[in-house]
């Protein structure tokens, strides 16, 4: 048998076309360097007095979740991990460095462990280190300034692109400018979270809350059937390239610990997990054998590695399980079904519910965020908004208050499969029951008839619920219900959900959200084809579809595409109309001048100023 080797994969590190990685520098904390992508535009050609003039167009700044991978100045070596984006952690006296990790992985022989596993940190005894605790003290942390800069992107500088329709925000309080103080207040209130484990220094922080840009999560992870560490690391890089704000490692196969370590050390975005999956592996896949002690040790193991948020299915209570008996599709959450089976086998309350305060103490020591799982979410539109789903939601509201007592940041997971007319009730109930803690939803899928296209059926519901107030959307890929997504599925899912998130930002009236739309629309009207491609969410696909019928370089300057041709292009006709209007207007003024006698100056009638 050959010796295990480090993951080797071909990473997607090329910068986006005609784009430049830039960094916004913090004012309160000069160590803060926020990456943004500047899309350079070509000049507009104008005819003035018979002469052609070039009018420059501003760069368009867009959020950049790709991390150092698209910065050609940074050398990427998976075996060393990413450069630290939060260097201030090393000097934080409230943290203590542990001589060794308290937990050891139980994966057995497998791929080469990460070569340089860092020592872990945790809060010193009596120290309150979470973002929520700092916010309540009135402290603006480096992470808070980081996300404030990231949300604004200095869009006001592109004032000519700033025209925007007013939004309808359904009670959200979105300011004209996101300041560090506004971020602090939202985190203190529990209305926003910044998932940022102290053991994930590679992380570029992001904020999740209804008063901020809608975020997108991409699920990754090995299964017992297929995939490998190499593939999952590449999927992480690929997902963040296309706009995933966070990723979740949902590995259920072998070598869960090693897979997670490689992903964390190379991830520029927050990483979430569902710890019950690894806990189940530790007891041989037998749900009845799970114990609080096994789960607790799994939490600590993953906390020491740097996981930023945990899905914890503490809301699946013994009394709720009979409510699912008449459902069309029963309990579809993996975590929910595992815990339901344990509860019924022992006829005892869910141990995650009974030990919830102890879980809070673990998470607060590392500043890990709760993602309270919806283990009883509907798996078909027939089961939407039923008694089981809302009974669990009520419990999640109760647990949110407990988590906040411990200063632990918390978001709430939501459905699922919900027809469009029932979506708003989900958002309204969640805001009321969970005191406006951020909502994080899987879709929802609005119909069950389209396997292979569920990235579309769910993006419809995702755009709608995000408009109503959902803070983060968990993507769905074309492989949903069919198999483990590959690289192309990840891309399709992320792009579909970036569209949904952006549509919701526009509908809510988020400041600056329309700037990119305005820039692309202007480029389209002026037939600046390369700018149209570069401003698109997926420049490669836009260019490929155009070039499939008009591949010649000359087509990049043509005033038509293959859809309408040169004589039926509505925008070309609009240009002609404008030119005719200008010429006709000048001719009319010339006639008026001649009719007035052709004099440069006319006598002013008496009594006029």
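Keep in mind that glycine also has a Cβ here, set from the backbone N, Cα and C atoms.
These figures come from a predicted structure and were not determined experimentally.
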Report summary line: Out of 165, 313, 481, Swiss-Prot lists as part of the substrate site with 219, 248, 277, 333, 334, 335, 374, 375, 376, 377, 413, 440 the residue 313
Query - Structural state of residue 277 (substrate binding site), classified by DSSP into three states - result: helix
Query - Mapped DSSP class for residue 335 (substrate binding site), helix or strand or coil - result: helix
Query - Neighbour-count leader, CB within 10 A, binding-site residues: 377, 481 - result: 377
Requested in this report: Based on DSSP, name the secondary structure state of residue 377 (substrate binding site): helix, strand or coil.
Outcome: coil
Report summary line: Neighbouring CB atoms within 10 angstroms of the CB of residue 219 (substrate binding site), all protein chains considered, total 22
Report summary line: As a whole number of Å, the Cα atom of residue 335 (substrate binding site) is distant from the Cα atom of residue 481 (Zn(2+) binding site) by 16
Report task. List, in sequence order, those binding-site residues among 219, 277, 333, 375 whose Cα sits within 10 Å of the Cα of residue 417 (Zn(2+) binding site). Result -> none
**Report entry** Between residue 481 (Zn(2+) binding site) and residue 377 (substrate binding site): CA-CA distance (Å)
**Finding:** 15
